[in-house]
Amino acid sequence: MRIGYGFDIHAFGSIKPLIIGGVQIPYNKGLIAHSNGDLLIHSLIDALLGATAMGDIGTFFPSEDKKYKNINSRILLKYIWKRIYLKNYRISNIDITIITETPKILSYIFLMRSNIASDLNIKIEKISVKSTSSKMIGCIGRKEGIACQSLVMLVKSKNTDRKNNII
């Protein structure tokens, strides 16, 4: 059993659409980022990489590399998961917390969970996505940005049959 933790935070200020968990959220500001700024996916990638001691998102996708400019972060997630999956790791569960004052995202959580389940080819029941506020404290409380934390538990599979990876 392996546990990984990921964290990401981005400031508002971009004209890009606001994307969280692969879902475009109607809002008047996007997040400043090299990629599409999907901080949920970024924190999840870091959690997966941490659980397997493979480094971090910047190791695989450096912000200096122009080929990752505005890239859909779900593509990056699928790439990382394939590498981890081929090492016979399977996801036991994922627990994600988004910290934001605004926008309110409760109505988008099921879509986020669905996107993650699809990208990782796992059952949606293995994925928890929650939202909380910072109680008006700090940069998030001042509505300057959004943060996200992800926890992942992986198990090593004894089954090398890769035909059915939904566990």
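Backbone N, Cα and C define each Cβ position, glycine as well.
What Swiss-Prot annotates here:
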| type | residues | note |
| --- | --- | --- |
| BINDING | Asp8, His10, His42 | divalent metal cation binding site |
| BINDING | Asp8, Ile9, His10, His34, Ser35, Asp56, Ile57, Gly58, Arg142 | 4-CDP-2-C-methyl-D-erythritol 2-phosphate binding site |
| SITE | His34 | site 'Transition state stabilizer' |
| SITE | Ser133 | site 'Transition state stabilizer' |
Least Cβ-crowded entry, counting other Cβ within 10 Å, from the recorded positions listed as Ser35, Ser133: Ser133
Neighbour count (Cβ, 10 Å) for Asp8 (divalent metal cation binding site): 22
Sparsest Cβ surroundings (other CB atoms within 10 Å) among the binding-site residues His10, His42, Arg142: Arg142
His42 (divalent metal cation binding site) in three-state DSSP notation: helix
Recorded positions listed as His34, Ile57, least Cβ neighbours within 10 Å: His34
Rounded distance in angstrom between the Cα atoms of His10 (divalent metal cation binding site) and His34 (site 'Transition state stabilizer'): 11
Nearest of the recorded positions (Asp8, His34, His42, Ser133) to Ile57 (4-CDP-2-C-methyl-D-erythritol 2-phosphate binding site), judged by Cα-Cα distance: His42
CB-centroid shell, 8 A cutoff, divalent metal cation site Asp8, His10, His42, site residues removed: Ile9, Leu31, Ala33, Gly37, Asp38, Leu39, Leu40, Ser43, Ala147, Cys148
Cα distance (Å, whole number) from His34 (site 'Transition state stabilizer') to Asp8 (divalent metal cation binding site): 13
DSSP state at Ser35 (4-CDP-2-C-methyl-D-erythritol 2-phosphate binding site), helix/strand/coil: coil
Proximal residue to His34 (site 'Transition state stabilizer') among recorded positions His42, Ser133, Arg142 (C-alpha distance): His42
Where Asp8 (divalent metal cation binding site) sits in the secondary structure, as DSSP reduces it to three classes: strand
